[in-house]
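Here is the structure we will look at.
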């Protein structure tokens, strides 16, 4: 038996991981004793074998370590066992965003904030505590905002390496966005492959649910939790199969189409009205602030925007009473599309207000003002989410349980809560250029929101009345985060860097006609040095070339199309194989029925023939006795005559 076969045999045994490790050590020890019977490998093969073994061991150890230190793993199992994968998808998305913002904070803190700390600048403003709500005052002259950063080259001593803050600021922002871009693409591709292309998805994992058990689970509580998870997954699969077999009549389909059309008309009208209200408030916000010197007046616009973001999605959720979707998945998709249209439209209007009114108003440091506006929006959205989770959902539970008993506990609104995360993350992406500490603030808010939502979920909500699988929801969430959220952020920052003039008295780009001119100046400097001409060539022919991005976009679209065709082809193949399995099962049942009929007929024929033979024997038995006696007498006489011929 080869080494791979031994490992496979040990892995398939129903033992704990510790027992498997001990068994593997015993087998390796026995094999080492029999080494004189095995041919010696050459030095190169032994080296490759040891490297491969070390790589596998390190990979397994790293995988076990990541699984062990994974955030909230036990909590996720409890949520999945009680509420199913649909509610669990929201918490998975929240954890994914938390990891994303941790990486973003590490990048901005390492390359922008730490170098600025080395430049001593004294803050003369007084801290009052109101800054936590307004984002202005004392925080204005800190590393929190764009205007505080220097435009000089940081260098400690004559021998120290120079650090250009202009290049560091714009390159860190660009690298951060590029990493976000590829991370979103990779996450979408991985989830798309796992949830759309793999064949076991279309078989719904019935084999895994029924015939598979993790024998490493020995703790009683863990066993019960695993059983609850499996039962929830089985209910989801059976509910989905049952929903696929439901067929509506023509009148029912017509009523559903009219209801959906009316709901879309009303939701679109509400979204347009909200956008008009936000535009009116933003346009008159500057005059309002000039007439009201109260520091709390700056919270009016964020407060009204948060009220719209809180009330309108709840209105959209009431449309389910009229539309009555056949599957909960379709209902969540429609709510997500309506909410993303509303929230992205509001963010687009605010971006237009910031880039065309605030930036052109001639303020002393308009970049810091935009950073403060985004900070207030993010903070107000967090406060409203906390109030809704701690008070609104609790009051809804009391109303449902005490007054009209027919209401009961509410169900977790996945679409509304997911869009809150996407809305906040979009603001963070836009605001990182103007407020580099926003990823850190978002990291804290997500960490708090996880525990708040988890407590509210366990206390105020019931499991979904219609169980359904949400294996493909994570892919859809990331897609909405990529488009239109991230693509809109790229457009906004591109307009800021290429079209707007920086402030003349603050920030690392002061004195430049455009933000991008810092890159132009750096390229001109490198073009005079022969050792850096390759950098100039890359910028001119790749980064600064429209044709390169056109070809790159074309390649991405081709790969997406190929993935889509592979998915459709596998769907057709799996459907045909499924039909073939059903037909073979029918053929086997038909053959078994024919075989059973033949066996029954043969049994009946044998029984009838045996009874006829028995009847014939009973009727002819006296005649047989007389013939037998006569034949016996005849043989006796012949034998006597042969012995005594004379007689």
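Counting begins at 1 with the first residue displayed.
Cβ from N, Cα, C; glycine included.
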231-256, 257-282, 361-386, 387-412 - the one TrEMBL records as transmembrane segment: 257-282
Transmembrane segment according to TrEMBL, located in which of 543-564, 565-586, 587-608, 609-630: 543-564
Of 132-149, 204-221, 294-311, the range TrEMBL labels transmembrane segment: 294-311
Listed range which TrEMBL flags as transmembrane segment, given the options 64-87, 472-495: 472-495
Residues flagged as transmembrane segment in TrEMBL, choosing from 426-452, 507-533: 426-452
When counting Cβ pairs under 8 Å to the transmembrane segment (167-186), the leader among 96-117, 257-282, 332-355, 426-452, 472-495: 96-117
Proximity of the transmembrane segment (426-452) to the transmembrane segment (96-117), 3+ C-beta pairs under 8 angstroms: yes
For the transmembrane segment (332-355), sequence-distant contacts whose Cβ falls under 8 Å of one of its Cβ atoms, 6 or more beyond its ends: 86, 267-268, 270-271, 274-275, 278-279, 282-283, 285, 305, 308-309, 312-313, 316-317, 323, 325, 370, 373, 377, 413-416, 418-419, 422-423, 426-427, 430, 473, 476, 480, 484-485, 488, 492, 495-496, 500
